[in-house]
C-alpha cells in the first residue's frame, strides 16, 4: 500500500475513516507524539523550523515594503503626512462598477486602493526612509535575509550541521548569547541607525551608503566619548519649533533626556529614543556576560536556583530541582516564553498609543485604534497559549520525585486554596460590578439619573497625580512643586514630561471618573475569570477530585463515560477552550473602553463617554449602536461609498461568528446521522455516484468540533469588531 498521510503515524495512516485527515492535521506539529521521534530529532526539528519561521517573517515584511513602493504613495505622503492618506496597495477587482471605482480611488491614486491603517508609513518615515527607492532597497534586503534563513534551516537538517542535545540544553551559553546578542547587540545597532540615519533624516539631512562615512552624526564626532564628556552629546537639542524632516529649529544633540513629545509630530523625541536604546544595549551587554560557560567565571543557573530557599524553612525547598525540570521540558520553556511575550505584547498595545514613538502616528486616529486592538488580541491568544503549554508540561514532563516540596510541588499541594481564592475574587467582582451597572440602568430607565451610584476612582487619580497630573488637585510627588522629586527633575526631563501629562490633546493619563471605575472592574472580572479557568486547567491537568489519574489520558481527552460520575469538560484542553471565550470577552471590553474613550476625546465631546458609560444601555446605545450606523450605511439607495467593504466585512464577520455555534451547540450523533444520509444520497445519484472516496466519512470528535467552533467564534468575533472599529473611526476622521 502506498504511503498515506500522515507519514509520522502508522496507526493513523491505516485509519479507514476521515478521522485520519483531521487527526493527522491536529498532530502534525506535535513532534513528541510522532512514531520514530527521539529527543535529539525533536530538538533538531524545532530548531530547523525556527529558520522557516524567520524566512516567512522576512518575506512578509519584504512584501509590505515592496507593495507600498510599487502601488503606494509614500513619497507624496512624506511631503504632507497629516493630510495625505497612506496607501497600502492597489485593489484589482474586475467586478467593480463605476461607483465602486470612484469610492475606492483615494490618496491621490489613479485607481482603487486600500488605505494603510498599520502605521508603517509613520514608522518608515521616522527611521529615515524617504523615497520609493529606499523602500525597494529594504524589500530586496529582507528578501535576501529570507533566502539566507531558508538555507540556514536546510543546512541545520544536514547530518554534519545538526546540533546535539547537549548544545540545546546548555542554558548558560544560550542566555549569554541571547541577552548580549539578540538584545544587546541589536539595541546597539539600532542606536547606531537612529544616530547615523534617522536623527540626521529628521533634521533634513539625507544619509545613505554613499555619504554615510562623510556625514558626522555629531559636530564633535567621537571626541566626547573618549574624553568622558558625554554630556556634550545632550547639548543643543531640537527646539520646540523644530519642523520634523527639515533643518528649521533643529539642534545637534544625539542622546538626550528631554521628556515629553515633539510638539509638531506628537511623538517621543528621536534623541530620547536613541539614548534609551543605548542604555538598553549597555544593560543587556553586561547581562550577557553574567553566566558561567567555558571560562569558569560567572553564575551557574543550577547553583542560583538551588540556592533559592525561603528563609525559616516554612515554605519548603524553594527552587530546588527546578533547573533540570525546566531545562528538560520544552513545554515549560515555551510556557515561560509565551507568558513573557504575551505580557510584552499587551504592554506594546498600551505604550504605542500613550507614548507614540513614530512621527505623526498620534494624529492618525484609525491607525492608533487598529494597532491597539491588534496587539491586545494577539496578547490574549499568546497568554492563553502559555497556560496551555503549562498544562501539557504537568501532563508530559512533570516528575514529582524531582520536585519534592519545591515551589512547583507546593503550587500543586495547595491548588484548592489558589483556585478557591481566584473563584471568590471573580464572583465578588462580577456580582458587584454587574450590580452597579444594573442599578444605574434601572435608575436611567425610571428617569431618575441622579440616583445612580457613581464612584470616583480616587486611588487611580492619586497615582496619576503622583506622576504629575495636576487637574485633580492632589498635591503629591510630581504634582507637588515643593517635592524633592519635582525639583530634581526640573533641569532635565521633567518640563517636557509635565507639559505632556497635563496637555489634554494626547493619551497620557486620561482624566478618569465613575465610568472608568466601572469598566475597570468589569475588565478586572474578565481577567480574573480567564486566569481562574487557565490556572485551574493547568493545576488540575494531572488529576483532580473527580478524576485523580488524568496523566495517561493526555491533554485533550473528551469524556470518559459516566463511570466516574461523568468526566466531560475536565481535561486541560477543555479549560483552555473555555478560557479563550473569556479572553475574547475581556479584550472585547478592553477595546470597547479604549475606543469609546478615545473617540469622544478626539471629537472633543468627552462628556458623552463620562455620562453614558455608567450604565449598560449607554454602552449599547451610545457606543455600539451609534457607531455602527456608518457601517450599516456602506450601501444605501444612493449607491456605495468607501466604507462598503467594511459593511460587507461586518456582515461576513457576524456570519462566521454565528457559524461557530453550529459546531458548539450540537451533538455528535446528529452530525454522524447527517453525514450517513448525505453519503447515502450521493451514492444513489446518477453522475454523483461516479465519484468515490476511500475514507468512510465520520463526524468530528467532540474535541474537534469544539476546536472548529472556537476557531469560527474567534475569527468572526475579531473580524466583526475590526470592521466596526476601522469604519467608525475612519468614517469620522477620514
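Using N, Cα and C of the backbone, Cβ positions are placed for all residues, glycine too.
If you look up Swiss-Prot, you'll see 559, 568 marked as [4Fe-4S] cluster binding site. Summarising the environment of residue 559 ([4Fe-4S] cluster binding site), the number of other Cβ atoms within 10 Å of its Cβ, over all protein chains shown, is 15.
The chlorophyll a B1 binding site annotation in Swiss-Prot covers 654, and the record cites sequence analysis as its basis. Taking Cβ-Cβ distances under 8 Å and a sequence gap of 6 or more within the same chain, the neighbours of residue 654 (chlorophyll a B1 binding site) are 716, 720. Residue 654 (chlorophyll a B1 binding site) falls within a helix when secondary structure is assigned with DSSP.
Residues or ranges marked as chlorophyll a B3 binding site in Swiss-Prot: 662, 670. Mapped onto three states, the DSSP output places residue 662 (chlorophyll a B3 binding site) in helix. Counting every protein chain shown, 13 other Cβ atoms lie within 10 Å of the Cβ of residue 662 (chlorophyll a B3 binding site).
Sequence-distant neighbours of residue 671 (phylloquinone binding site) (same chain, 6+ apart, CB under 8 A from its CB) are 699, 700, 705. Sequence annotations record features per position, and here Swiss-Prot assigns phylloquinone binding site to 671.
When Cβ-Cβ distances below 8 Å are used as the criterion, the transmembrane segment (46-69) is approached by residues 31, 87-89, 116, 118, 120-121, 124, 132-133, 135-136, 138-140, 142-143, 145-147, 149-150, 152-154, 156-157, 163, 168, 330 of the same chain, each at least six residues removed from its ends. Under the heading transmembrane segment, Swiss-Prot lists 46-69 (among others).
Swiss-Prot lists 135-158 (among others) with the feature transmembrane segment, giving sequence analysis as the kind of evidence. Residues 44, 47-52, 54-56, 58-59, 61-63, 65-66, 68-69, 74, 124, 129 of the same chain lie 6+ residues outside the transmembrane segment (135-158) yet bring a C-beta within less than 8 angstroms of a C-beta in it.
When Cβ-Cβ distances below 8 Å are used as the criterion, the transmembrane segment (175-199) is approached by residues 126-128, 207, 212, 215, 217-218, 254-255, 270-271, 273-274, 277-278, 280-281, 283-285, 287-291, 293, 301 of the same chain, each at least six residues removed from its ends. Annotated transmembrane segment per Swiss-Prot: 175-199 (among others), in sequence order, evidence recorded as sequence analysis.
The transmembrane segment annotation in Swiss-Prot covers 273-291 (among others), and the record cites sequence analysis as its basis.
Non-local neighbours of the transmembrane segment (330-353) in the same chain are 42-43, 46, 362, 368, 371-376, 378-380, 382-383, 385-387, 389-390, 392-393, 396-397, 507, 594, 598; each lies 6+ residues outside the stretch with a CB under 8 Å from one of its CB atoms. For 330-353 (among others), the entry in Swiss-Prot reads transmembrane segment.
The transmembrane segment annotation in Swiss-Prot covers 369-395 (among others).
Beyond the transmembrane segment (417-439), the same-chain residues lying 6 or more positions past its ends with a Cβ under 8 Å from any Cβ of the stretch are 411, 452-453, 455, 518, 521-522, 524-525, 528-529, 531-532, 535-536, 539, 614-616. Annotated transmembrane segment per Swiss-Prot: 417-439 (among others), in sequence order, evidence recorded as sequence analysis.
Here the transmembrane segment (517-535) has Cβ contacts under 8 Å with residues 384, 387, 418-419, 422-423, 425-426, 429-430, 432-433, 436-437, 455-457, 460, 575-576, 578-579, 582-583, 585-586, 589-590, 593, 613-614 of the same chain, all six or more residues outside its ends. If you look up Swiss-Prot, you'll see 517-535 (among others) marked as transmembrane segment, on the strength of sequence analysis.
What Swiss-Prot lists as transmembrane segment is 575-596 (among others), and the listing cites sequence analysis. Note on the transmembrane segment (575-596): residues 353, 369, 372-373, 376-377, 380-381, 383-384, 387-388, 391, 516, 519, 522-523, 526-527, 529-530, 533-534, 536-538, 540, 569, 609, 613, 619, 623-624, 627, 706-707, 710, 713-714, 717-718, 721, 725, 728-729 of its chain, located 6 or more positions outside it, place their CB under 8 angstroms from a CB of the stretch.
Here Swiss-Prot flags 643-665 (among others) as transmembrane segment.
The transmembrane segment annotation in Swiss-Prot covers 707-727 (among others), and the record cites sequence analysis as its basis.
At the 8 Å Cβ cutoff, the transmembrane segment (707-727) and the transmembrane segment (369-395) share at least 3 close pairs (sequence separation 6 or more) and count as touching. The number of other Cβ atoms within 10 Å of the Cβ belonging to residue 568 ([4Fe-4S] cluster binding site), over all protein chains shown, comes to 13. Between the CA atoms of residue 662 (chlorophyll a B3 binding site) and residue 559 ([4Fe-4S] cluster binding site) there is a gap of 20 Å. Each residue contributes its Cα atom, and for residue 568 ([4Fe-4S] cluster binding site) and residue 670 (chlorophyll a B3 binding site) those atoms are 19 Å apart. In this structure the alpha carbons, written CA, of residue 559 ([4Fe-4S] cluster binding site) and residue 670 (chlorophyll a B3 binding site) are 18 Å apart.
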